[in-house]
Amino acid sequence: MLLSILYVVGITAEAMTGALSAGRQKMDWFGVMLVASATAIGGGTVRDILLGHYPLTWVANPQYLAITCLAGLLTTGIAHWVIKLKGVFIRLDAIGLVAFSIIGTKVAMNMGLHPGICMVSALVTGVFGGLLRDLICRQTPLVLHKELYASVAFGASGLYLALLEMNISELTATIITLIAGYLLRMSAVRFGWRLPAFQLETEGPLH
Amino acid sequence: MLLSILYVVGITAEAMTGALSAGRQKMDWFGVMLVASATAIGGGTVRDILLGHYPLTWVANPQYLAITCLAGLLTTGIAHWVIKLKGVFIRLDAIGLVAFSIIGTKVAMNMGLHPGICMVSALVTGVFGGLLRDLICRQTPLVLHKELYASVAFGASGLYLALLEMNISELTATIITLIAGYLLRMSAVRFGWRLPAFQLETEGPLH
Amino acid sequence: MLLSILYVVGITAEAMTGALSAGRQKMDWFGVMLVASATAIGGGTVRDILLGHYPLTWVANPQYLAITCLAGLLTTGIAHWVIKLKGVFIRLDAIGLVAFSIIGTKVAMNMGLHPGICMVSALVTGVFGGLLRDLICRQTPLVLHKELYASVAFGASGLYLALLEMNISELTATIITLIAGYLLRMSAVRFGWRLPAFQLETEGPLH
């Protein structure tokens, strides 16, 4: 229930930021809805395809797709307002990221998969929406360069699994993971924490 | 039967225009066959993967894949002839778009899915081939900028569903949808009808 | 058994060359692991999704994913050494390509699919990892331009199928295919053999 609410908050916020990317590419309304939906529910879609977890969430529950399309279209009218509220959206994005990670972990757990795959499932759920957005908008995938993002998804999933392993109730584990993941993500944004980068100057492809 | 013929016409025309895109990127014959096939049958493939509708059409019927590969290779020899017949190909593409939409609608209907998802299924079938082509050829996805295209797929699907709902026979519904969709698409090309665009000048990514 | 060893050799080598591409894009460690894994096991993943062959290899055997992630991270420390050993990696890549092709062929065969689809399955297994790497790193897909690569995968698969058809034992067929495919690939690299290219100068998109 808590996760369902946070999921809807998360996909709405993600859809709105996705729509902004579409606007920077001067896309039409269809493009806006496509990029908004890919950003918001693309991660869960890629996860379900990789795990063979059918039907996809939005195929079984078309209302989620309707929400992301409407949120995207709405953004075309209130874009400057959305941009001004940047700080709010960074917070909503952090909450969504952790909620998506917990949901991704649970999907893989319920399929009886290896804990390592549960954490990969969380990571894909949290990260691949933004990756798809950047692929469609032909931008350098931000998630591969910027502050801790994938790491938060991965770490939140590991924490959640560890808490359940300690026989802590699902609700408590969810709340602890949400708080810890949110704080980690917001600290990473504030202090610019990032993973080390691998920079290779040598020219010439190996292949 | 009518749909099967139009399907073959559609994938052949799509494969030939896909091959032209590959030629502009100076790809080799393998690239030509890949882009031709992705353009022609990529939309149906993405649809089937999203819906979990296995086996894929071209896996069960490899002759369709053979047709798109051959049509692509053939195009390398008659490219200038194809370019001169641009008007014919725009018409064939319009017919293919509507045929693909009806097929996509029927696939989702036969799986017992929500009418909204049936329309999304039509849209994915009609639009994602061109999207894949532009991703592989590293071009700005035309379908997100140009005249009504996705809208025609979506509208044709809605019309088809509405006609069936009125207990009109499948054949009649198919023919009416084909004519209406074709006229809408060709009018959009002629008069430059397009969806409103969302243009955002502000710099700086939100993420 | 032979194939399993060659598979591990292949994904390790592919992951290391993938990591170099990530380094040229100045990605962080997560990006390095993502690109390394996509390069190494992306082809098999796309194949399994297209064929509906679940669970995916790395979901059922997470150790393969661990290998590609570790190989990618390791490469960040020994990149200049990897680059110096370019000749070794070209050989390992050739072995991996043929091993991947045989594995792809067998997966499709075991599903009872048409021989043509078995060869496409080999091609997807061998080629799509590099295609994904170039898409994520926003580079022109090399495989669509360079020396015989897709053709080696396709030809190796055809040879393997033909040998089995002649009632040659699986082990013998595997060894013959490995040697023939390796020699063809290395000859293509040495002598610059490539498929004819399709070059189209005319401007203006058809769509």
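Including glycine, each Cβ sits where the backbone N, Cα and C put it.
Positions annotated as domain 'Glycine transporter' by TrEMBL: A:5-77 (among others).
Marked as transmembrane segment by TrEMBL: A:31-52 (among others).
The annotation transmembrane segment is assigned in TrEMBL to A:64-83 (among others).
Annotation source TrEMBL lists transmembrane segment at A:89-109 (among others).
Residues or ranges marked as domain 'Glycine transporter' in TrEMBL: A:92-163 (among others).
Here the transmembrane segment (A:171-193) has Cβ contacts under 8 Å with residues 2-3, 6, 90-91, 94-95, 97-99, 101-102, 147-149, 152, 155-156, 159-160, 163-164 of the same chain, all six or more residues outside its ends. Per TrEMBL, the feature transmembrane segment maps to A:171-193 (among others).
Note on the transmembrane segment (A:64-83): residues 8, 11-12, 14-20, 22-23, 29, 32-33, 35-37, 40-41, 57-58, 89 of its chain, located 6 or more positions outside it, place their CB under 8 angstroms from a CB of the stretch. The predicted model assigns the domain 'Glycine transporter' (A:92-163) a mean pLDDT of 92. Helix, strand and coil counts from DSSP across the domain 'Glycine transporter' (A:5-77) read 63 helix, 1 strand, 9 coil.
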